[in-house]
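According to TrEMBL, the feature active site, proton donor maps to ASP83. What TrEMBL records for HIS84, HIS171, HIS196 is Zn(2+) 1 binding site. What TrEMBL lists as Zn(2+) 2 binding site is ASP105, GLU137.
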Amino acid sequence: MPFVPDGREVYRQAFERHELIPAFNVCSIEMVRGCIEAAEETKATIILQAYPTDLEQFPAEHFQKLVESMAWDSSATVLTHLDHGKSVEMVLECLRAGFSSVMFDGEALQFEDTLEASQYLHRITSQMGAALEVSAESFNQGFSVKTTPERALQLKHAGADTLAVSVGSEHGQASKLDLQLLSEIQSRVNLPLVLHGGSGVSPDDLAAARNLGVVKINIGSSLYRALRGVWDSHRDHPNHRNVYATAREAIRSVAKEKIQVARLEKTR
């Protein structure tokens, strides 16, 4: 089943088997294709996710159709996901487009409002057949606030299928996980967990996190750095088609390495 329309069963199985699924932030056809090629090569399950600002240029319906068509033409197992959906309306748009999974990010809301919105979205995702990821904390450098076990439990009761927890990982930089806090959260919620800022998490921390119920690791910065490297080195290149091919190969290489790290395989 190359494209998976409902992420809930995938997350449940990963939780039971202590598996970690890479979730790649992608915003172009080269990135989508490169990640799917990496998943084919490694026979992996991957998640391709869209960030809200990317959806301003690449509408949810178009993103879904592109990923789904490429997935069905491949041997890889692929899900689609909304990353950091800041409003109920954005989450609903992606659900209508057919996303396998959506995140509601309540960072900017009062916690009670996040709980209320999560309860509403749980009813919708249950009806439409999609997974709901919920967070109430920031993962941005210098502004991150760690998730408490008490808050995590409240989010679970609000209907989250997966919880994005802030336990030390931050967007775009090397991070050290608070594994004791992660263990305490998992002991309270017994639910699949998600790590954001995965590009900077060490393989040792990932191995420990996987055994503590983390099933999804978000990876964006590593891909964007690879893409920027290609653009910078081909700034004056006369053949744009070669640039696209080189970009796709760079993305494939990084995605393959991250898949191997998630599996605790040696990358060289």
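FYI, residue positions are counted from 1 along the chain as it appears here.
Glycine is treated like the rest: Cβ placed from N, Cα and C.
Bear in mind that TrEMBL entries carry predicted annotations, made automatically and left uncurated.
The structure displayed is predicted, hence computed values, not measured ones.
Note: the Cα of ASP105 (Zn(2+) 2 binding site) and the Cα of HIS196 (Zn(2+) 1 binding site) are spaced 12 Å from each other.
Recorded residues GLU137 (Zn(2+) 2 binding site) and HIS84 (Zn(2+) 1 binding site) have their alpha carbons 11 Å apart, per Cα-Cα distance. All protein chains shown were included, and the count of other CB atoms within 10 Å of the CB of the residue listed as 'active site, proton donor' stands at 23. Counting only the Cα atoms, the space from the residue listed as 'active site, proton donor' to HIS196 (Zn(2+) 1 binding site) is about 10 angstrom. In this view, the densest Cβ surroundings among the binding-site residues ASP105, GLU137 belong to ASP105, judged by other Cβ atoms lying within 10 Å. It is HIS196 that, of the binding-site residues HIS84, HIS196, has its Cβ surrounded by the most other Cβ atoms within 10 Å.
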